Amino acid sequence: MSTRSVSSSSYRRMFGGPGTASRPSSSRSYVTTSTRTYSLGSALRPSTSRSLYASSPGGVYATRSSAVRLRSSVPGVRLLQDSVDFSLADAINTEFKNTRTNEKVELQELNDRFANYIDKVRFLEQQNKILLAELEQLKGQGKSRLGDLYEEEMRELRRQVDQLTNDKARVEVERDNLAEDIMRLREKLQEEMLQREEAENTLQSFRQDVDNASLARLDLERKVESLQEEIAFLKKLHEEEIQELQAQIQEQHVQIDVDVSKPDLTAALRDVRQQYESVAAKNLQEAEEWYKSKFADLSEAANRNNDALRQAKQESTEYRRQVQSLTCEVDALKGTNESLERQMREMEENFAVEAANYQDTIGRLQDEIQNMKEEMARHLREYQDLLNVKMALDIEIATYRKLLEGEESRISLPLPNFSSLNLRETNLDSLPLVDTHSKRTLLIKTVETRDGQVINETSQHHDDLE
């Protein structure tokens, strides 16, 4: 394995090749490799060291040192105490030149990568400035425009809620007043109904009295008819008696004319007639007076009962009219109450719908505020990620700067003069071969993070021989 291939593979493994995109991940792996050093005695120059330090967004760090590797297939050379075989020095110089050429190529590649990273850092800084400007603009807009808009809308909603509360209180007061009026009218209706029942009871009693008076009048009328019939019968009987008496008187008059003288009989008959006529007139006058008195009493009672009946009918008519007017008034109040209750239900439903709409509006505004907060938090997280990337790139730039400074200082060192070396005779075949296999210990540390918090951390050790 050549130095260039080792360095390239290590560089691709640490920083990613041209076709590999560096993607941020929630897991970070730290890989540490042990240092490999190859040396051969004190005749060689100090081992050439090359260190690569890089920091990628994924968080991978690696160090690696390599030295000039001597092949075991170099032919054995016998070195004398006072002479040097320059073929070995030529081979070393050739290999050193090749190594320097490879190092120059690698440095050129590193410079290109470094330029790309600088461009990337500048681009990320510009993006960072743009995001900061957008964040400041969003903060200013959120404080100026959205805050004022929300405050104005909240004031309007509060004003509408206060107005609706006042309207509701006014409607409730009107409802209470109407309820009191209805209760008062109901009490008045109950009183009128009681008075109506009393009037009906009085009317019923009056009707019973009228019926009794009518029965009494009919009885009296029947009695009057019977008395009139009796009077007619008595008149007829009296006339018959008078006729009989006149017949008897005439018969007696005839007999008296025969027996006695005429003037004495006439006077007697006149006296008898006068007596009977006086008795009949007296009886007739008494009967007429009794009939007239009874008829007057019955007429007066009938008139009195008729007046009471007429008054009762008038009172009943008045009570019926009052009951009808009160019934109409109660029906009107019931209609008014139903309309007010319907209006109140409609207003309550409207209030409920408007309150639900206001709650939905408030919820929507709160959701928008929450979304804006989440978006601001996301921008802040992106800004923090960009800051982390920038810090990693700053560290990488500093590492490249140290690399360049180290390479410049190493390149400025003088080459050793192999012609002036005083080597003693040594058989290279007797020397132990350089162990071309080295032991490398890999420490793989995996850290899993979520939302900036460490949720899992594992470490693994691997031994690798090359």
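Think of each number as a place in line: the chain as shown, counted from 1.
Placement of Cβ uses the backbone N, Cα and C atoms for every residue, glycine included.
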Annotated residue, SUMO2 cross-link, per Swiss-Prot; candidates K139, K292, K334 | K139
Could you check Swiss-Prot and say which of S9, S205, S261, S278 is marked as phosphoserine?
-> S9
According to Swiss-Prot, phosphoserine sits on which of S65, S73, S293?
-> S73
Among the residues S29, S412, which does Swiss-Prot list with the feature phosphoserine?
-> S412
Record-annotated phosphothreonine (source Swiss-Prot) among candidates T20, T32, T317 | T20
Between S7, S316, the phosphoserine label in Swiss-Prot belongs to S7
Looking at T336, T436, T441, which is the one Swiss-Prot tags with phosphothreonine?
-> T436
Please work out the helix, strand and coil residue numbers for the region 'Coil 1A' (96-131) from the DSSP assignment.
-> 36 helix, 0 strand, 0 coil
Nearest of the modified residues (K188, S214, S325, S409) to K120 (N6-succinyllysine) - Cα to Cα | S409
List the helix, strand and coil residue totals of the region 'Coil 2' (269-407) as derived from DSSP.
-> 139 helix, 0 strand, 0 coil
Please classify the secondary structure at K188 (N6-succinyllysine) using three-state DSSP.
-> helix
In the chain carrying S214 (phosphoserine), residues 6 or more apart in sequence that have Cβ under 8 angstroms from it | N305
